[in-house]
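Enquirer: Here it is: the structure, laid out below.
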Amino acid sequence: GETLAHIIQEVKDYIAAHPHEHVDFLLASGPVGVMAATNEAVDQAEVVMLILLFASISLLCFAEFRSVAAVLCIVVPLAIVAVLCNALMATLGIGLKVSTLPVVALGVGVGVDYGIYLFERMKHALADGLSLQDAFHKALQQRGTAAIFTAITMSISVGTWAFSALKFQADMGILLAFLFMVNMLGAIFVLPALAAWLVKGKKKA
């Protein structure tokens, strides 16, 4: 990916530095040209995809909870994990391509469930007059075990793909296992920290 991008950029720089009024230089087609065009399209699509993804999740969460604080408590951990996923891809040398582009969307789409489950319970507990600490403790009692069990089960299941001989499947397994597990941890640890800052609740005596 990097080699191909470097070659394409060098060609573009050469074309820009040597203009000719009667000749238009165009990049070649073929497998390399198609691959280069695909990589450029994927790079452009990533930002648009993430904006649409988090915008849609934010709108749906706002429609459910009618609270900007609730949206931030649920969405911010997801955004942090998405950044960490990109860092993991860079560390492991997993390139951004057509096969890996939807991984973050899939991981965030599944991972948002953990935050919704916990915050929904917290909201009801707060409405009953509990302090924020007690509300989160009650949410963990009612939904925490299910969230942890679901995350572990899904992470182990897709994590087995990492041993596949197909690089596409191995990359998917590593990234999805990471997203499923870390999104759960974000919901359990980051969400309540944000709630303590953003959500007004009864102070614990």
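Keep in mind that glycine also has a Cβ here, set from the backbone N, Cα and C atoms.
Curation plays no part in TrEMBL annotations; they are all automatic predictions.
So TrEMBL has the following annotated:
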DOMAIN    20-198  domain 'Membrane transport protein MMPL'
TRANSMEM  45-63  transmembrane segment
TRANSMEM  70-94  transmembrane segment
TRANSMEM  100-119  transmembrane segment
TRANSMEM  146-166  transmembrane segment
TRANSMEM  172-199  transmembrane segment
Enquirer: Would you mind listing the long-range same-chain contacts of the transmembrane segment (172-199), meaning Cβ under 8 Å and 6+ residues beyond its ends?
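Expert: Sequence-remote neighbours of the transmembrane segment (172-199) are 69-70, 72-74, 76-78, 80-81, 84-85, 88-89, 92, 94, 99-100, 103-104, 106-108, 110-112, 114-115, 117-119, 122, 126, 132, 136, 140, 144, 147-148, 150-152, 154-156, 158-164.
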Enquirer: Taking every residue in the domain 'Membrane transport protein MMPL' (20-198), what is their average pLDDT?
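Expert: Averaged over the domain 'Membrane transport protein MMPL' (20-198), per-residue pLDDT gives 89.
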